[in-house]
Amino acid sequence: MKHSITGTIGDHPLLLESGYLARQANGSVYLQCEGTAILATVCSSAQRQEGLDYVPLTVDFNEKYYAVGKMPGGFIKREGRPKDREILISRLIDRPMRPLFEKEFGRDIHVVPTCISSDMVHPHDVLAIVASSAAVTLSDIPFHGPVAAVRVAYLNGSYVINPTFSQIDAASMEVVVAGTRQGITMVEGGAREVSEDLMLGALEQAQEHIKALCDMQERLRGLCGKEKQTVIPSSAQLVGRDRIYELAYPRLAQALYAQGKGERRSACDAVKRDVAQQYAAQLENDVQRRLFDALFHEMEYEILRLNILDRGLRIDGRAIDAIRPIACEVGVLPRPHGSAVFTRGETQSLAVVTLGAMSDGQVYDDIEGDRRENFILHYNFPPFSVGEIGRMGVGRREIGHGCLAHRSLSAVIPDPEQFPYTVRVVSEILESNGSSSMATVCSGTLSLLHAGVPIKKPVAGIAMGLITDGVRYAILSDILGEEDHLGDMDFKVAGTCDGITGFQMDVKVEAVSASLMKEALQQARVGRLHILSVMNQTISAPSVHISRYAPHIESFKIAVEKIGALIGPGGKTVKSLSDQYRVTINTDSDGTVTVSGRDAQSVFDAKVAVVGLTEDPRVGRVYQGVVKRIVEFGAFVEIFPGKEGLCHVSKLSRSRVSKVSDVLQEGQRICVKLIDIDRMGRLNLSYIDALEGKSGGLDTTK
């Protein structure tokens, strides 16, 4: 039986429906907003696993090309492996929901939201969060939800709830806010140097709409929700738990405060190993081993948190608002176009910049249509960065961290008109002990400045943490990996000296209040300004010149009606020019022409040729041409592809010329001056006037 609930999301009508589609799933919801629709399902495995200390949750968002009536591109007409955008939306759904599942449920949970219709006006990521939460809420899977999300944009001096794609492009800030009735559980967004107060205003705007969307889900649950499965606490108990606790706790409390990540881990492992040897026979049982590991995790959690709340003592000895020592260096690699190393404590990022032509940009085949990105940032996290062995390659984490750093730096990247290059930044994480994505923002800024990219302002990032027992709390600046793992919040903020450009927050408690977030933002600003001051001591402005190994690029405009003349039949003209000058020539529909190549003179010569080809010949100007044919009365010279003129024998020299071939040869490149255009449009050229420099115009030989 079909059950429906209607409401609004921002100014747009919203439909939630269940009981008709995907009925064999534990829970399924069809959500529609205008012409965009999401089908979200959730299933759990039948078999329960004992002793898990995490939630085995997988979210696989996917978007179908049929949603917009589009055929998939490429040879295979079927959706393939998840695109980066699908992975990012999957993470966006996972993060606010994961803390609300019961760890002791012990079953694999699979959430599959699918975009099955899109009007290409309304973004479907926040709709997928609502649909996924609704599916879990009315399922039989235990869940401390519902969760809802809205996007808030700041546009023309006011906040807009769930803006359209065009409104997002014009906004100075856009942020996705997810939460429950109790408060906010996730924040992610980007901005163009906005203040902390403006961001907090967006969070306040979001909360009322989140509550309304949670109410819609509860109403649907009241109509067709299933009875929740009972969470049965694990019957397995660690044998000798109290004795193990007594043996390990005091030694672990000392080991956790060894200086240095490696030293701490070694000291803690030694304690664990010594205690395990005393219970070796018992720990051969897999369940007992998992319970033993869980107890040590519980003790580390307790020690770290109590020392921070009771004594303000962090494991590396810092004050709660202190930043680790910072070291910056640029120009660390000889050949790349720009490079820098940023080290903060035991976190280190090597960022390398490559400059390319505009045609080198990344093309994305989204369901809304193709788009080109001319600022690219790739984040790599090899296992050696944490002293481990493991699989090399790009996972969801790398894509997510790279997206955050990309968003944080995008606000300061120059427009193509100012800097007509594709810019690629690669961050290699060489060491990691917390906040590697924010280290990427810092190293990325340094490498861009070293490469000569005229960014608007330097950007720095910092990760904030939270420890709370429900009454007391401590906000930590520049958190370590252990503080992230054992803490209650990871709040990353990036920006310039004048405002925020990127942010991301995840919490492990049910919600975080707006007042606490305000305090965290203010503390983050102080830390960010400190980091920027250190970075500015190394490099504070773009290098005057780009690398001699970078391609040379000229960008200019031609008349739109001349684009066809430049391209030529079947691309013949532009290909001929590219081959002749050994450059790459690209043309946009608005008449923007970009010429790129390794040699500056070749790029300049090609530009001159394009300008000459696409403008009407002017009497009095000097052109560089090629002798095409020699006849008795002179030579025909091609001044640009398809345009020839006659250089009469009398215009070859001041003295008498008996044979034209005594002066010129076919294929010879010469400069000629256009001295006349007759009534039939024929061009009359002069070699001697060009040699004597009587041009009054452009000398293309320079």
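Any Cβ shown, glycine's included, is placed from N, Cα and C.
Here is what Swiss-Prot records for this protein:
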BINDING   D484, D490  Mg(2+) binding site
DOMAIN    551-610  domain 'KH'
DOMAIN    620-688  domain 'S1 motif'
Between the binding-site residues D484, D490, where is the Cβ count within 10 Å the lowest?
D484
Counts by DSSP class (helix H/G/I, strand E/B, coil) across the domain 'S1 motif' (620-688):
8 helix, 36 strand, 25 coil
Overall pLDDT of the domain 'KH' (551-610), taken as the mean:
91
May I have the DSSP-based helix, strand and coil counts for the residues of the domain 'KH' (551-610)?
32 helix, 16 strand, 12 coil
